[in-house]
Amino acid sequence: MAVIFIKIFDVVPVRFNLWVMLFTSCWVVYMLRVNISLNLIAMVPQVPHNTSSQSQCGPKDDIASNETLPHQDGAEVHASPIKVPGGASFNWTAEQQALILGSYFWCYPLTSLAGGMAAERWGPRYVVLVTSFVSAILTALSPLAAKLDYIALVIIRFFLGFAGGFIYPALHVLVARWAPPAEKGKFVSAMMGGTLGTVVTWSLTGPLMEKFGWASAFYVPGVLTLVWCGFWWYLVADTPSEHPRISESEKKYISEALGDKVNNSKGLPPFRKIVTSLPFLAMIILHYGNLWGLYFIMTVGPKFVSSVLGFELSAAGVISALPYLARLFLATIFGVVGDFILARKLMTTTFIRKFFCIFSHILPGILLVLLVYAGCSTALSVSLITMSMGFNGAATLTNLQNHQDLAPNYAGTLYGIANCVGSTAGFFTPMITAYFTSSENSFESWRPVFFLGASVYIVSAIFFIIFGTGNIQAWNFAPDDKDDKEERTNGDLKDLSNSKINNGDAKEIKETPLNVTT
């Protein structure tokens with residue numbers, strides 16, 4: 001059966017296989033990241049939660065009150081009274097649980113910074129394969145570590161974050177080497193696989209623990225990841241020229257579409273030119289605004305609905321999944337629209353990046369402001385949160401692609417730097433929220449929090465619209481490319497959308513563009 005399944009992959013375009021593996025790789029890394037949030041609920045006895053302050057709108061009669069576990073991985077996790085075989089094994093304090101949950105992120109930004117350079121030097125295929133394999137083994141060892149001591153589990157989670165930081169920058173290197181400019185939006189939208197991975201993992205973990213015990217929620221993801229590693233090893237190659245089963249027509253289409261913009265240079269990136277580049281700074285700021293808004297909606301939004309409106313958003317599984325699913329769905333739609341526009345040259349790359357900031361940053365910011373004025377309408381508040389995160393799916397055409405425009409040779413390095421800086425938003429947003437809401441949970445106390453979140457969203461977009469670009473930078477090319485460097489960059493920059501996919505003879509490439517639907 002496995003052989004037949006693998007043969008099926010051999011008869012479809014390699015680019016489609018690559019899209020699937022990109023999507024599932026993000027799914028896998030999030031599955032191993034977020035499963036601990038629900039696992040802890042079954043592992044530790046839950047103490048009834050007594051609140052000292054009432055929500056301004058009063059509690060909702062049809063929703064049970066649940067205790068919130070502190071963690072730094074996105075959406076709120078609420079402790080419901082789950083009865084599982086072998087559950088409630090450890091009497092860990094809230095501080096110890098927070099230590100376990102937060103340890104994943106202690107080294108994650110640093111390895112994210114190094115992940116792109118590692119993939120550019122040794123190849124993204126092996127970087128993703130090794131780090132995913134190690135992550136699977138560490139996840140399977142988590143029950144044993146928990147039984148030894150909570151510190152052992154902290155160490156396991158630390159090294160999981162260490163390995164996980166390499167993956168996303170490495171995937172962006174793979175996209176730079178494989179995705180034709182007219183299809184890049186589809187490939188970048190595959191990075192939203194982690195969103196669906198979060199929803200599915202949280203949906204399946206509860207039933208899995210109820211039937212087989214909390215340890216199974218570590219073993220099953222670990223085994224699934226090991227199986228996935230086998231498919232990754234078989235289906236993925238660093239470049240089209242290295243893939244053993246790609247057709248000559250597809251290889252020619254990709255190589256001629258990419259032209260000479262991407263090579264496999266193993267030298268160090270030109271850091272001085274990178275950090276002094278204004279377009280790169282604009283991309284960093286735009287990416288920071290995106291992550292600030294994303295963390296803000298995923299953490300502060302549900303907390304606001306819970307503490308002010310008196311509604312436990314995550315107690316209703318379908319409702320809590322809506323913002324994630326909306327972002328995944330609209331990211332795919334925006335990716336297809338952007339590719340359509342670019343393929344037909346209706347807009348330049350630069351104009352696309354700046355125009356879609358309206359959807360990825362400005363509209364989500366406006367919706368955050370409206371959320372604090374929604375009053376005690378739970379339905380309206382949930383709708384605004386969902387739309388805000390959904391429109392942010394347009395980030396597949398803005399900050400999640402711009403590093404590919406600026407320097408495809410160093411796309412992983414640029415993304416790693418941006419992600420390292422942007423990850424700090426995950427630490428600041430809870431601190432700022434606590435500062436303004438420490439005394440009471442009211443619309444008045446929450447209003448500055450939402451204004452600040454919206455401001456970061458909108459100001460970062462305005463900065464990018466003024467100073468950003470979708471043009472390739474001169475420092476993308478090796479210093480010894482002197483003969484044609486000036487022609488490539490037009491003195492400094494060259495628009496990717498104006499690149500040719502032929503050899504000057506107007507010969508049409510007959511390769512059918514990749515179509516991806518989810």
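Note that Cβ sites are derived from N, Cα and C of the backbone, with glycine treated the same way.
Automated prediction, rather than curation, is the source of TrEMBL annotations.
Annotated features, as they stand in TrEMBL:
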| type | residues | note |
| --- | --- | --- |
| DOMAIN | 1-472 | domain 'Major facilitator superfamily (MFS) profile' |
| TRANSMEM | 16-36 | transmembrane segment |
| TRANSMEM | 126-144 | transmembrane segment |
| TRANSMEM | 150-175 | transmembrane segment |
| TRANSMEM | 187-205 | transmembrane segment |
| TRANSMEM | 217-236 | transmembrane segment |
| TRANSMEM | 274-298 | transmembrane segment |
| TRANSMEM | 318-343 | transmembrane segment |
| TRANSMEM | 355-374 | transmembrane segment |
| TRANSMEM | 380-400 | transmembrane segment |
| TRANSMEM | 412-436 | transmembrane segment |
| TRANSMEM | 448-467 | transmembrane segment |
| REGION | 478-518 | region 'Disordered' |
| COMPBIAS | 479-497 | compositional bias 'Basic and acidic residues' |
Between the transmembrane segment (412-436) and the transmembrane segment (150-175), are there three or more C-beta pairs closer than 8 Å, counting only pairs 6 or more apart along the chain? yes
Residues of the same chain, at least six outside the transmembrane segment (274-298), with any C-beta under 8 angstroms of its C-beta? 74-75, 323, 357, 360-361, 364-365, 368, 385, 388-389, 392, 395, 398-400, 402-403, 406-407, 410, 413-414, 417-419, 421-423, 425-426, 428-429, 453, 456-461, 463-464, 466-469, 471, 473, 475
Can the transmembrane segment (448-467) be said to touch the transmembrane segment (355-374) if we require at least 3 CB pairs below 8 Å and skip pairs under 6 apart in sequence? yes
Which range wins on Cβ pairs under 8 Å with the transmembrane segment (318-343): 126-144, 150-175, 187-205, 217-236, 355-374? 187-205
Give residue numbers and ranges for long-range contacts of the transmembrane segment (355-374): same chain, 6 or more residues beyond its ends, CB-CB under 8 A. 286, 289-290, 293, 296-297, 301, 304, 334, 338, 347, 380-381, 384-385, 387-389, 391-395, 397-399, 443, 446-447, 450-451, 453-458, 460-461, 464-465
Counting only residues 6+ away from its ends, which parts of the chain sit with a Cβ under 8 Å from the transmembrane segment (126-144)? 25, 28-29, 32, 35-36, 115, 118-119, 153, 156-157, 159-160, 163-164, 166-167, 170-171, 174, 214-215, 218-219, 221-223, 225-226, 228-229, 232-233, 236
Determine which residues of the chain contact the transmembrane segment (380-400) at the Cβ level, with the cut-off under 8 Å and only residues 6 or more beyond its ends counted. 185, 188-189, 191-192, 283, 286-287, 289-290, 293-294, 297-298, 301-302, 304-305, 309, 311, 313, 319, 322-324, 326-335, 337-338, 352-353, 356-357, 359-361, 363-364, 367-368, 370-371, 374, 418, 464
